[in-house]
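Everything on this sheet refers to the single structure shown next.
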Amino acid sequence: MSVETLSVESRPASKVGAARVGIGGPVGSGKTRLLEQLIPRFIERGTKLAVITNDLTTHEDAERLQQSGLIDPEQVRAVETGACPHTAIREDPTLNIQTADELESLYPGLDLVLIESGGDNLASTFSLDLVDYWLFVIDVAGGDDIPRKQGPGVLHCDLLVVNKFDLAPYVGVDLERMRRESLQARGDRPVLFTNCATGQGVDDVVEAIGQAVLFDQS
Amino acid sequence: MLILDRILGQASEPELAERLHQIGHVGGLELLQVSGDDVQRRRLRLTSDAGTDCAIRLARTQRLSDGAILLLDTERAIMVRTDQPQYLMVRAVDAAGALELGYFAGNMHWSVRFDTDVLAIQIKGEVQDYLDRLTPMIESGKVQVESPCVP
């Protein structure tokens, strides 16, 4: 019997997989450190997760997480892009989609796959074929003019994370102005400030992801 | 929050169209407006025109589209409405301008399609953001914006 002849109620449902969340941003902004803060928090709240990291020619970020003791090393996979990693999260995300599919197949109860990738400075964005929601991580030491430069990553991400806010006094950054200009650039879409060295502000990132794609009750 | 985790069918299907018609008569048809930017997503949270907090959670094999039915019972249905993609139509005045425009659009990673000698740039976000980026080429006369925004 073809689908067309089935009543609506008897049509087969497709299996809904894990939420997929991208974490992008310039090299050195603290994406891997953010992952190291997110992983224990999600595990603590009962979220079953896996992680994919994208690197140019190494598995360095994945190995760092695998050796961290925070997560089963088997649930961390590296995608070695061979070129600037942003190409594998935007133009052709096949490698990452395949890796996420493989993780979901191996670990059927997964709730969340975090996909981290750097590269392309402020222009990196994620394909929505790959992820359901994505963060862009910048840091205050990169300069408080980053939001004003209006890179696609800053403009189009679902959540902008400004990391290393504790360094503001040492690098001459006016945090309030940075917050104001971030919101102006993004049309009031969310911006959160974190210090991933200590974990300050990371609970709010977990909450934002939970509300947006894990559908936690308010 | 109402979890919607499958696409039951399309409003254009005869069986569904008749049922939606009947539900509409009793005021049970809710519309869920999904922006052109969001239509690719498998998970998102939106409020219907009747105020229902909807959490869409689809399989990777399913994709939202205009007319997709996400809920259907005897007295109530929820149907997706999507915006048509909008394009900025830009024409280069000569071959040199076309080269520069093509290079620039590629460097910006804009989604484009070619309409004979016009470059159609898909608008994601604000059209003014695109016009701002093109200002030097527009002011120097290398390109002309044919139409601010067309379906």
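The backbone N, Cα and C atoms fix where each Cβ goes, and this holds for glycine too.
Now, the feature entries from TrEMBL:
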DOMAIN    A:21-192  domain 'CobW/HypB/UreG nucleotide-binding'
BINDING   A:GLY25, A:PRO26, A:VAL27, A:GLY28, A:SER29, A:GLY30, A:LYS31, A:THR32  GTP binding site
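What TrEMBL annotates, mapped onto the structure for a quick look.
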residue : record           : Cβ within 10 Å
A:GLY25 : GTP binding site : 29
A:PRO26 : GTP binding site : 22
A:VAL27 : GTP binding site : 11
A:GLY28 : GTP binding site : 14
A:SER29 : GTP binding site : 25
A:GLY30 : GTP binding site : 24
A:LYS31 : GTP binding site : 25
A:THR32 : GTP binding site : 22
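On the 0 to 100 pLDDT scale, the domain 'CobW/HypB/UreG nucleotide-binding' (A:21-192) averages 89 in this prediction. Listed in chain order, the residues near the GTP site other than A:GLY25, A:PRO26, A:VAL27, A:GLY28, A:SER29, A:GLY30, A:LYS31, A:THR32 are A:GLY118, A:VAL137, A:ASP139, A:ASN163, each with its Cβ within 8 Å of the site Cβ centroid. Taken residue by residue with DSSP, A:SER29 (GTP binding site) is part of neither helix nor strand, so it is coil.
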